[in-house]
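Peer 1: Here it is, the structure, as structure tokens.
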Amino acid sequence: MPINIPKNLPAGEHLREEKIFVMEEDRARTQQIRPLNILILNLMPEKEKTELQLLRLLGNTPLQVNITFLNTATHESKNVSKSHLQLFYTTFNQIRHRRYDGMIITGAPVEKMPFEEVNYWQEIAEIMDWSKKNVTSVLHICWGAQAALYHHYGIGKIELSAKCSGVYSHVITDLTVDLVRGFSDLFTAPHSRYTSVSIDEVRNHPDLRLLSYSEDAGVFIVQSKDNKNIMITGHLEYDATTLADEYSRDVAKGIDINVPVNYFPNDDPEKEPMNTWRAHTHLLFSNWLNYYVYQETPYEWDFVDEIEYHI
């Protein structure tokens, strides 16, 4: 089934070239089915790349999906044009009266800062509080995952001595959980971060379930026991070359950075990396949309009534 995107969104052309079924808003209105409404809070600096990565995954399921892109009002993005934000993004005040079937909160390049020192933290915290009643399930990625663990569950982050960057092997703690249904016993996933969280704090928290971890990269997939929040500390959505692009960027800036581990053939940055995590990425997003969003959300679920809105 198609993914419904805003008219003239640049990612649409790339998705069509990849044979992913997309529809623009005008055509989607004629479909006599109830689509899923997904809100994406895109905090990544290169927003158009992240849009394409996420839409590629959301568009590869049997479900019709409507997408709303959300941008922070309290922080001005520097790596995307104002016209792009005006055309394709909205702010929290414009959508807070609505309900959404699912929501994605991306990573952000602010992980070394204490949460309260991030200039849009209060806005992020308000959005996360709002999501408790107005979103069926929220998928948090990298910094977004750490922000959720901190805000909802009181688990702080730990600064690492060196950047965790590369493709790591992971195990599943419980293959019967719907989110990881169909996963292999051992699978790979990319990480790109300077901070982590305590695996013991996650394991011992009464409201959380540790679903996947790596001996080298630590906590990977965490699920709240009420299925409301999914936290993924890595970047399953990354393209094959994203870690290479980040590495080249940091080297050009003169940053003392290690070569991403288990990524380049023979650890040679001159060689083309391969994507070894693509299948599990599609599987996780499909499982999330099916088991945690589609099967859990009410059919009539859109606008918040006035009484609940003011609670």
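Quick reminder: no glycine exception, Cβ is built from N, Cα and C everywhere.
Found this in Swiss-Prot, in case it helps:
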ACT_SITE  Cys142  active site, acyl-thioester intermediate
ACT_SITE  His235  active site, proton acceptor
ACT_SITE  Glu237  active site
BINDING   Lys163, Ser192, Arg249  substrate binding site
SITE      Glu111  site 'Important for acyl-CoA specificity'
SITE      Ser192  site 'Important for substrate specificity'
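Could you place these features in context, so I can see how deep they sit and what lies close by?
Peer 2: Packing around Cys142 (active site, acyl-thioester intermediate) is summarised by its Cβ count: 27 other Cβ atoms lie within 10 angstroms of its Cβ, all protein chains included.
His235 (active site, proton acceptor) falls outside any helix or strand according to DSSP and counts as coil. For His235 (active site, proton acceptor), the count of additional Cβ atoms within 10 Å of its Cβ stands at 24 [all protein chains shown].
Take the CB of Arg249 (substrate binding site) and look out to 10 A: across all protein chains shown you find 11 other CB atoms.
For Glu111 (site 'Important for acyl-CoA specificity'), the same-chain residues that are 6 or more apart in sequence and have a Cβ closer than 8 Å to its Cβ are Cys142, Trp143, Gln146, Lys157, Arg193, Tyr194, Thr195.
Taking the Cβ of Ser192 (substrate binding site) as centre and 10 Å as the limit, one finds 19 other Cβ atoms among all the protein chains shown. Mapped onto three states, the DSSP output places Ser192 (substrate binding site) in strand.
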Peer 1: Please find which two of Lys163, Ser192, Arg249 have the most distant C-alpha atoms, given that the record lists them as binding substrate, and give only that distance in angstrom, rounded to a whole number.
Peer 2: 14
Peer 1: In terms of Cα spacing, which of the binding-site residues Lys163, Ser192, Arg249 are within 10 angstroms of His235 (active site, proton acceptor)?
Peer 2: Ser192
Peer 1: Would you list the other residues of this chain near substrate - those whose C-beta lies within 8 angstroms of the C-beta centroid of Lys163, Ser192, Arg249 - in sequence order?
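Peer 2: Neighbours within 8 Å of the Cβ centroid, excluding Lys163, Ser192, Arg249: Ser165, Leu243, Glu246, Tyr247, Asp250, Ile257, Pro260.
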Peer 1: From the Cα of Ser192 (substrate binding site) across to the Cα of Glu237 (active site), what is the distance in angstrom?
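Peer 2: Cα to Cα, Glu237 (active site) and Ser192 (substrate binding site) are separated by 12 Å.
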